[in-house]
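Working notes, structure below.
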Amino acid sequence: MAMFNGDVEDGGRGDASCGKDLKRYLMLMGVVALVVLFGAFIYRQSSGGLRLGAMLEQMGRGTGPAVNVPVQQGGPSAAVNPAMSVPAGARVAPPSAAGAIATMPPMVDFGPAPIGAGGPFSSVVTLLRNSVVAVTASSANGQAMPDPLGLANPDGLPHFANPATRSVENIGTGVIVRNDGFIVTNYHVVRGANSVFVTVQDDVGSTRYSAEIIKMDEALDLALLKVAPKTPLTAAVLGDSDGVQVADEVIAIGTPFGLDMTVSRGIISAKRKSMVIEGVTHSNLLQTDAAINQGNSGGPLVISNGTVVGINTAIYTPNGAFAGIGFAVPSNQARLFILDEVGWLPTSTAEGASMGLVAMQRPMGGGVGAAGPAIFAGTRAPHTDGRQNMDCTTCHDLIPAGNGRPAPMMPIAAPIPPPPIPMGAVSPHTDGRQNMNCANCHQMLGGAAPIAAPGLGGGAYRFAQPPGSLAINIQGPRGGQSTAAGTGRVTLLGAALTPMSQRLGAQTGVPVGRGVFISGVTPNTPAATAGLRPGDVLLKVDGRPVRLPEEVSAIMVEMHAGRSVRLGVLRDGDVRNMTLVAGPAGLAAAAVQAPAIADMAQPPMGGMAPTAPGMVAVPGGPAVMPKPPTEFNWLGMEIETFQAPRPITGVPGAVPVPGAKGAQVAEVLVGSRAAVAGLQANDLILEVNNRPVAGPARLDAAIKGATNAGQQILLKVNRNGQEFWIVL
């Protein structure tokens, strides 16, 4: 009995021990399973896989209706949280059967974009806050200039982002491009103005200056202003607009509705080859969705490195308000426009424009010395060669000091660079600078002044390239007609080049997109020496086909003095080869003013012989002509007076050509042939089919000759000092 009882007790203890072991085993397995599940969860999340909720959905397959969860594809900001990202370009397969779960990743919520995700634009605005100005233009006779965006725009076509109108003033924006007071803005901001004022911001407030209009270009919609600042201004840096890509982020800075330093953000939406805006063809505009409103005209379009890549000019709007489509003139076009007048512009230093360091870009060549390193304000000059008597800011940036310790570097605007001087010139200085190397401050010329070529309007244009270059890389006088095929006229070593339009192509028999029309040639220039004539069509330059004046200029930039350039020219239906050489004739042409238009060789038109200087050819006309009329009503134009061209006030070198006169258009009938072609009141017609019309007799003869020919009519027009061609 006792043994039996003992056996029973031993068996009970064994069963209890076995149960405990089983429980421990099951608990261990459960822990392992949880670890495996947790590890799988972490692995899936780290490799861009499904979230836990999606795993539970997969585990519950077949237990309920299928739900397709939309996918939010992440852009650049999707990389902020890689643990919750969705592979770019992932495609979702459709359900294989009714009620099945589609293999679609769940929606990913990235949350708000972090500050500064698109670039350091806040520092860019800080950098440019003193480089963007408000431009106020007052119209003549105290009347407000027209503002078409103030009314509805039912045609839905692009219109200028016109300056906001305040009683008798228009408000726009401008960009300081040089610290000595040069400012670029839009042509339509200051057109028709008799006074212009500029408000410049600084670190302590603002200063209002009276501005002078230096030059304007209607086709580019650009104007260059000049103020006389009390202290050096802060200049912006013009970047490379050709390097900007579609979808690059930009900001627009301006004065919309008079609200100064307003910043909007967007992207480059497109690059437009040609746009007709209010009857004027503009080329290579940058399209952006950054908000541009009335008053933004002339303001900068800026990329993340702080450089200006465009000058805001127009918007596409059905009602006058911003509709998400704006346009800006590329900075590369603005640079050429400015360099034609000022010669040099600031450029970013090695540290980058975003650091606020702006260096002076002197004319290339001549061995101009490099700028010195930054120095602390108040430091004694270590020089003993005369530089100790100079202003240190001529060569150095100054680091200001305060409270006994240096402050961060600040840009110090350098003074205006000294003028170029010929090598071997005797120094006029007596303060020690006569012992210095002149190349430290001056551009050294090889014994001669920089080459300049006169345009057909009589003004001398400076090279934007070194003196040894053949290219006059400038934009010459441009017309405002919409038949300009998107670009304007360029003067090339004495030849005025105009792009082919459909009407001009019909006149010459050359299709649009092939060749460049030569609208005028100045005597005693390389172009005239090569044999070019007005009416020729330039097909090739140095063996390369050309279709725009800018392409010709770009090719010529690569050439150097003394090199012969082969030209392919179409004349009277025959292709001829000519050679253009920059020899003594080219140098001598620098000092030759453009002759009177009546003295220029005229091409044969309509089978007529060329006109001799000072004479008018009248096919079939009597030897003694009757007294001509004094008033004309022709093609919708009323003409009563004849006068000499009047250049824009303040444009250096733009003087009337001696003896040149034209027929002034008093009025243009709406809807007439002249109005459709783009003629306006106060236009001055200089030539009709290459015949000068300096008086009633010549105009009457030219009208009769054009009527008898029965062909399209080619008019040379002067508008506000700019000459261009219109085909009727």
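Heads up, the Cβ atoms here are built off N, Cα and C, so glycines get one too.
These features come from Swiss-Prot:
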- 22-42: transmembrane segment (TRANSMEM)
- His188: active site, charge relay system (ACT_SITE)
- Asp221: active site, charge relay system (ACT_SITE)
- Ser297: active site, charge relay system (ACT_SITE)
- 375-398: motif 'MCR (magnetochrome) 1' (MOTIF)
- Cys392, Cys395, His396: heme 1 binding site (BINDING)
- Cys438, Cys441, His442: heme 2 binding site (BINDING)
- 471-573: domain 'PDZ 1' (DOMAIN)
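Feature map: Swiss-Prot annotations on the structure.
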{"residue": "His188", "record": "active site, charge relay system", "DSSP class": "helix"}
{"residue": "Asp221", "record": "active site, charge relay system", "DSSP class": "coil"}
{"residue": "Ser297", "record": "active site, charge relay system", "DSSP class": "coil"}
{"residue": "Cys392", "record": "heme 1 binding site", "DSSP class": "helix"}
{"residue": "Cys438", "record": "heme 2 binding site", "DSSP class": "helix"}
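Residue environment of His188 (active site, charge relay system) contains 29 other Cβ atoms, counted within 10 Å of its Cβ in all protein chains. Of the listed binding-site residues, namely Cys392, Cys438, the sparsest Cβ surroundings within 10 Å are found at Cys392. Every protein chain shown contributes to the tally, and the Cβ of Ser297 (active site, charge relay system) ends up with 33 other Cβ atoms within 10 Å. Mean pLDDT for the domain 'PDZ 1' (471-573) in the predicted structure: 69. Between Cys438 (heme 2 binding site) and His188 (active site, charge relay system), the C-alpha separation comes to 43 Å.
Of all the recorded positions given, namely Asp221, Ser297, Cys392, those whose Cα is no farther than the 10 Å limit from the Cα of His188 (active site, charge relay system) are Asp221, Ser297. Ser297 (active site, charge relay system) and Asp221 (active site, charge relay system) are 10 Å apart (CA-CA, integer value).
Within 10 Å of the Cβ of Asp221 (active site, charge relay system) there are 27 other Cβ atoms, across all protein chains. Rounded to a whole number, the C-alpha distance linking Ser297 (active site, charge relay system) with Cys392 (heme 1 binding site) is 38 angstrom.
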